[in-house]
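For 10-217, the entry in Swiss-Prot reads domain 'tr-type G'. Residues annotated as GTP binding site in Swiss-Prot: 19-26, 81-85, 136-139. Look at Swiss-Prot and you will find 19-26 tagged as region 'G1'. Feature annotation from Swiss-Prot assigns Mg(2+) binding site to Thr26. Here Swiss-Prot flags 81-84 as region 'G3', drawing on similarity to another entry. The region 'G4' feature in Swiss-Prot is assigned to 136-139.
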Amino acid sequence: MAKEKFERSKPHVNVGTIGHVDHGKTTLTAALTRVCSEVWGGAAVAFDGIDNAPEEKERGITIATSHVEYDSPTRHYAHVDCPGHADYVKNMITGAAQMDGAILVCGATDGPMPQTREHILLSRQVGVPYIVVFLNKADLLAEDCGGVGTDEYNEMLELVEMELRELLDTYEFPGDDTPIIPGSALMALNGEDDNELGTSAVRKLVETLDEYIPEPERAIDQPFLMPIEDVFSISGRGTVVTGRVERGIVKVGEEIEIVGINATTKTTCTGVEMFRKLLDEGRAGENVGVLLRGTKRDEVERGQVLAKPGTITPHTVFQSEVYVLSKDEGGRHTPFFKGYRPQFYFRTTDVTGACELPEGVEMVMPGDNIQMTVTLIAPIAMEEGLRFAIREGGRTVGAGVVAKIIE
């Protein structure tokens, strides 16, 4: 059977379901594919097809994730759902599935639970920019309160909503402005719609995603950045650095900065080549060589980045969210303690750093996730949301993300 051609006509947006165990994340994921396929076309995916998620490896870490897709009238959504809490932690920290927005599923009968809080915190730490709330199991709440629209039902909904908005505020999301949609994922999955809690609520959710989550900026439209992988000296022409353009475009004749490890310097791009052909620009996703005017071979090194001037700065101290690989994943067999000094691998290079653990935490076990403050021995070009690996002698023992830059 021939593969279907991928439609590039609609903007592509990455979302995912987060929330406490058994609040209905997977049911909602299945309901979204069903409702969208019936209303706007596409394929429905059954609950079982999402629930037994295949395991995949991201940087040596085993993560079970389900990927589904669905369409709204204006967009194509790629949606991730994870079976277990540990999978969410790993997924969000490694950036295996980066989200432009998250759908927080919270049971109306239970209200916010420990993982509800933890997933909101993780979203803040790893830089998920927007959250939309689906208040699930509203049909069960209605049964308990003598029906939809009764005073008791409205009061209970309002209470849970208030709790959720406060929780979102705590983690610096705009609680008051966050859309909260009550409904029943199970009803929608079964094609029912009593009191508009089923298919109507899920349709409303998709319309809300369309309105509330802005279209992500494409890599090519962002400011130029290229991690340096190699440096060559070409007699008579000067210094060439090679790497894969991470974002943006570099044009011949433009001024660029060399950032990281040493003091930031400015230079000019005097040539771009790819496969030994000269080009007038290098674009996001391309592996190129960039010729630098007046830069000596020993003034640039692997681990630095080329960037549009003023768009990225070098830092040494940052707060991070880290997942420590378990023994089974090839990680450490023993815990580590404060004063731990591994290598932090950013983009193309390792830099040694010292770890400061949160107050009251004495040790970190393999398989844990933890917030820690890192002080590097050399500055690295970084911004919040940058991913890194933690290594000991070339072996990966953890994965992390820059949550907040300190200096």
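Counting begins at 1 with the first residue displayed.
The backbone N, Cα and C atoms fix where each Cβ goes, and this holds for glycine too.
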Same chain, outside the region 'G3' (81-84) by at least 6, Cβ under 8 Å from its Cβ: which residues?
16-17, 21, 25-26, 29, 50-53, 63-66, 68, 91
Residues satisfying Cβ distance under 8 Å from Cys82 (GTP binding site), sequence separation of at least 6:
Gly16, Ala53, Ile63, Ala64, Thr65, Ser66, Tyr88, Asn91
Counting across all protein chains present, how many other Cβ atoms fall within 10 Å of the Cβ of Gly19 (GTP binding site)?
26
Cβ-Cβ neighbours of Lys25 (GTP binding site) (radius 10 Å):
27
Distance between Gly19 (GTP binding site) and the residue listed as 'Mg(2+) binding site' at the Cα atoms, whole Å?
10
Whole-number Å only: compute the distance from the Cα of Ala138 (GTP binding site) to the Cα of Thr26 (Mg(2+) binding site).
16
Number of other Cβ atoms within 10 Å of the Cβ of Ala138 (GTP binding site) across all protein chains:
27
Per-residue pLDDT averaged over the region 'G3' (81-84) comes to what?
89
If you skip the near sequence neighbours and keep only those at least six away, which residues in the chain come within under 8 angstroms of Asp22 (GTP binding site), Cβ to Cβ?
Gly107
Translate the DSSP assignment of Gly19 (GTP binding site) into the three-state scheme.
strand
Determine the most Cβ-crowded residue among the binding-site residues Thr26, His85, using a 10 Å radius around each Cβ and all protein chains in the structure.
Thr26
